[in-house]
Every structure is written in C-alpha cells, then in structure tokens.
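Straight from TrEMBL, the features:
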type	residues	note
REGION	1-73	region 'Disordered'
COMPBIAS	36-61	compositional bias 'Acidic residues'
COMPBIAS	62-73	compositional bias 'Basic and acidic residues'
DOMAIN	63-124	domain 'Chromo'
REGION	90-177	region 'Disordered'
Amino acid sequence: MPPPVTDVSDDESTGESIPYEEAPASKKQAKKAVDDNEDDEDEDEEEEEEEEEEEEEEEEDVYHVEKIVSHEWGKKGELLLQVKWKGYDDPADMTLEPEGNLDGAQEAVDEYFSKIGGRPEKPQTKKRKSLGRPPKSETPEKTQPNKRRKSRANESPEPQPEEDSDSSSWVPKGKSWEKEVDTVDTIFRDPNTSQLLAILNWKNGKKSKVLIETCYERCPRKMLEFYESHLVFKEG
C-alpha cells in the first residue's frame with residue numbers, strides 16, 4: 001500500500017521563499033539619466049569658459065599709466081595731463097587726459113606735481129584793451145620790451161595771450177609732420193613747467209602748442225628753417 005498523503009495547510013509553503021526585487025529601470029531611462037548628467041557638465045564647462053574669456057577681455061582693455069610727461073590747459077580752462085602709457089614707447093601713443101580720468105594713477109600724478117614744484121596754477125587771461133590810443137605814460141613801458149626783443153636775435157618773442165588762447169593740443173596722426181606743418185610760429189618757455197614749447201601753424205589753419213622734443217622728432221626740417229630764419233651774422 002502507498003504511504004498516506006499528509007495534508008498541507010494554506011499557511012505552509014511547499015518550497016523555498018523567493019526574495020522580492022524591484023524591476024530594474026529600462027535601458028532608455030538609464031541612458032537618458034546619463035545624457036542629462038553629461039549635458040549639465042557641458043553647460044558648467046561652457047559657463048566657466050565664458051567667464052574666463054570675459055575676464056581676459058577686461059584685463060586686455062586695462063591701460064596702465066607709466067608716468068606724466070607734461071601738462072596743458074584746455075580751451076575751457078581744464079588741466080590736461082600728457083600721459084605715457086606703460087608698454088607704449090611711441091610718442092604718438094601719448095595722450096592728453098583730464099586729471100579726473102587718472103584717479104587710479106594718483107601716485108604718478110603726485111610724482112609729476114612734485115617734479116614741477118607743485119600743482120600748476122591756471123594762467124590768468126588778460127582782458128583785451130580797447131583799440132584806442134594808450135595814454136602817454138604807458139607808451140614808454142610798452143616800447144621798451146619791443147626794443148629788447150629786437151636786440152636779442154637768438155631769443156624768440158614770447159607769444160601774446162591771444163595766441164595762447166587760440167592754440168590747442170591738436171596734432172596730426174603719423175610719425176612725420178613735415179607735410180602737415182606750415183610754419184613754426186615761435187618758441188617759448190612755459191613759466192609753470194620751465195619746458196620749451198613751440199607754436200606750430202598747420203596747413204589746415206589750426207595752431208598747436210607742442211613740446212620742443214616732439215617737434216625735433218616729427219618735423220626737424222621745419223625747426224631747422226625756423227632757426228635759420230632767426231640767425232644773425234656779425235661782420236668781421
């Protein structure tokens with residue numbers, strides 16, 4: 001006879017228990033997650049590169065003042081400082097800048113003021129006198145300086161205040177000014193800086209005050225013609 005069959009209750013298991021595992025994500029979902037991470041990394045790298053490029057461009061646009069060479073007064077009476085920029089040795093690259101534009105180079109400005117004996121004072125323009133005949137008492141005082149100017153052939157007459165007011169800082173572009181200069185009007189010493197300046201008459205009708213050293217570099221022939229026209233030969 002076969003062995004008796006034992007009844008198995010519903011609460012009893014006939015086999016080993018199978019552990020529960022969540023179904024793995026599909027391949028498409030996994031690939032999409034990887035692509036999203038790569039896109040985020042690429043965007044971060046692009047933003048960093050753009051920031052670095054912007055910083056480099058800002059650094060390239062910054063110019064540093066090496067020193068202040070001289071100064072002039074503008075038509076409106078403002079103080080203009082002639083700046084030599086660091087890394088630019090060509091005199092044509094020097095520019096006239098208002099003092100307010102050089103806040104970041106105060107050390108160079110103070111050094112220049114100390115060199116010339118203090119901050120320059122604005123020259124006072126004299127009022128033009130009427131065209132009427134001057135009093136007799138003033139006539140000898142005016143004629144005496146004229147006689148002294150004629151007797152000193154090697155010295156050039158100082159420009160009148162009217163000439164100073166008409167002169168400007170305009171200069172042409174280029175290293176040679178020979179074709180642009182019409183004549184050298186006069187040479188005088190600046191009472192504030194003790195520097196020699198030349199007043200140049202340009203062919204376009206303008207007139208400028210320029211440092212004598214710059215004239216020697218840009219228009220040496222015109223300077224030679226000026227000196228030759230003022231030579232006086234003594235008879236032996």
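Cβ from N, Cα, C; glycine included.
Averaged over the domain 'Chromo' (63-124), the predicted model has a pLDDT of 85. The residues of the domain 'Chromo' (63-124), classed with DSSP into helix (H, G, I), strand (E, B) and coil, number 20 helix, 20 strand, 22 coil.
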